[in-house]
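As structure tokens, the structure follows; a few thoughts come after it.
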């Protein structure tokens, strides 16, 4: 199982390369990964009487978060759906995206889809509840990215955000429930929690029941059960392969899977029955009725999916062996027919350009093979023999008839299943008629008339799954022992075990099926009373989507009112409040707490005193200066002075980083200030300025007092004395600072670089109002050719398009010669940083300053010439590498974010030791470089463009003494 996760993760990394190189055909190669994993699952299928296959990998033992995996019969069934349907969807993508003109986002889409398969597989095989929750939330994040594929469309953005908010809020409730169960039972393993709850039901306290309810909230939000059902129809804004996978076979089944997993232990609870059975049957009926009102083929299937998710919730959540078997049958049957139908809709949309049934007529005449495939899948959905869906529906009706639930639950649920099944029959007819019917038309509509051909590759996926729906129905007894493994192991034996079969004789369920089919046909008739009722504008029990919008508006209004009641919108007042609190709290603690006698020894060298005096003078000068640029420069003196003090006291790594950060900060300040007036206005009255000065003095005094008090309060030897030895022992490095950053405090550093990435995104978003991503501008091919042919020599290509009055020959030559050297120093800092001053952060800053030099010398076009890469891709790759170091540590058997050393011998180089922290440091390096590139692209090149005439397409003439020779 760990191998499958690793292979799918590697396939995710390879997906952008494969699809970027081969286009849509690359999806065929990616399909091999889940297909191979599916074969492995089948070969190690859990067998009754044998222990479940388990695997474990240490991750975060202190939080009880080890990667504990268990292949139970339920997990195996879900794995077949996740991997099998996933492989078919990838093959389908090869046909779906063939001929697409805009393929820029296709590589990313491929990676996200394969990553979702990996995450979903991890979810179903996780035995650790906390690890399962991590996978659970990752499905929400990846779903957000996949649903929002068409990010330029407002509907896609809204649908993606809605799905993320609903499922994430449910996930947060579930996390609280998981913690409640884990702490109560003293374990976070599903297998142990369920075993203890089943073995001793008296352990199920009120707290446990509350925890179970919270987990169920997460489950029903993920599976789109009322009242959280509205996000799934909105998610139909996603490309059809996403709907065919996430919303038919994978993501929406996660909640059903979780309910099935916990049902053996908690299905007898009253709260469980209200939520799972009550809301499940209500969802089945309401969504089935809503499906009959839609004209979009995809929305008909979406509401149909919601309806059948409600049915599956009822079946797997009843808590009985026979009903659970029916639930497993419907779980697998639904994946087959619903994925098929979504793919059919995608083919129709792709070929005709529409999904509106009012614009489709006589499509069945033009595409009989597609019509047959859709008819088989729709018949299975409606429960028509001999399809697999019929076997599942028969099992549901038969087992619910004999369910030993408290009266009148079995009758209520059976009636609900019959009503919901009749609605399913009706919208199945509506789907087939709407997509392929003649509708009284003499000839095909224009959309059908002008449709393009459908390739065999495009039809292969839906044809395979539709064929399986027929085969599984006919040979359902062969599947009985496979699907029965889960209920047989999880529930007490039934007095009369039910077995799957296509024919059980003339029974009451068969009579109910006939009644359901007849009722469904009547409901589907265009002139029946039901038709007139469903055409009314009112929606039964209101519109949940409008309620969602109203809730968001209410949250916005509430947040604004709370902000108004606590803040005046004055930055000086807010800063003053923060600083005053900073002064008062430590002073009160020192005044009323226990204090040690201060030790006021002065141990400072003359150089330290001189630097301190210079820094104080610079700080005071900054207070009285009005020129913004001059103020920034004197503030920089305090920063450089701090770096010198670090160096004096033996902290070269801190000194190096301080110097680099201070230099880059000055550059950013200058880039921003050039768009502001040179002089800063005098703000505030004289008393206000006096109060600010007094507050500043108080803050400074407080820092001095606290420093003295802390020095006097020490009761043990400084831990710093032991750090060098421990740094090499645990982090394999002599640079203590770097080891702390990339090993001891790696999680903190990971959070900090994530903040850097968000900061870069925020800066670019403020400047680029319409377009966030992209690389820096480059010299066009024509302009580059003209520059190369122009008289004289340009040291930097970008400078050829600058006004000669703004060029400096000395700076261009210096930049051209110094740039490679600075980059070599940057790489040196990166590799040497684990044992000497440097590291990924210092190396990235050095490389960033090299880019700054190129920009200052060559102008806005020179950034793109120096680094012609997308800043967003650099930032994303950096974060991926930083996270990838975690995976390497885990694979080596060490805790996440810890260092593992690999030693080997190379020719010429000799003995080499490589530490996994190098991967993390590489991520830091790239994120810093990406941040600098984004800042230069935003605050540099973009602001240059806004303040200059239109871009030049040919080099300007070189004047005497200009910037070229």
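Glycine is no exception: its Cβ is also placed from the backbone N, Cα and C atoms.
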Quiz item: When TrEMBL marks a stretch as transmembrane segment, which of 52-70, 185-203, 299-317, 527-545 is it?
Solution: 299-317
Self-check item: From 604-625, 714-735, the residue range that TrEMBL assigns the feature transmembrane segment
Solution: 604-625
Practice problem: Using a Cβ-Cβ cut-off of under 8 Å, list the residues of the same chain that are 6+ residues beyond the ends of the transmembrane segment (693-713) and lie near it. | Solution: 576, 579-580, 582-583, 586-587, 590, 595-600, 623
Quiz prompt | Stretch among 60-97, 126-405, 613-677, 689-771 sharing the most Cβ pairs under 8 Å with the domain 'Na+/H+ antiporter MnhB subunit-related protein' (810-933) | solution = 689-771
Quiz item: Hey, would you say the transmembrane segment (106-124) packs against the transmembrane segment (411-433), going by three or more CB pairs under 8 A that are 6+ residues apart?
Solution: no
Self-check item: Tertiary contacts of the transmembrane segment (411-433) (same chain, 6+ residues out, Cβ under 8 Å)
Solution: 277, 281, 284-285, 288-289, 291-292, 297, 300-301, 303-304, 307-308, 310-311, 314, 318, 341, 357, 374-375, 378-379, 381-383, 393, 396-397, 400-401, 403, 405, 439, 512, 515-517, 519-521, 523-524, 530
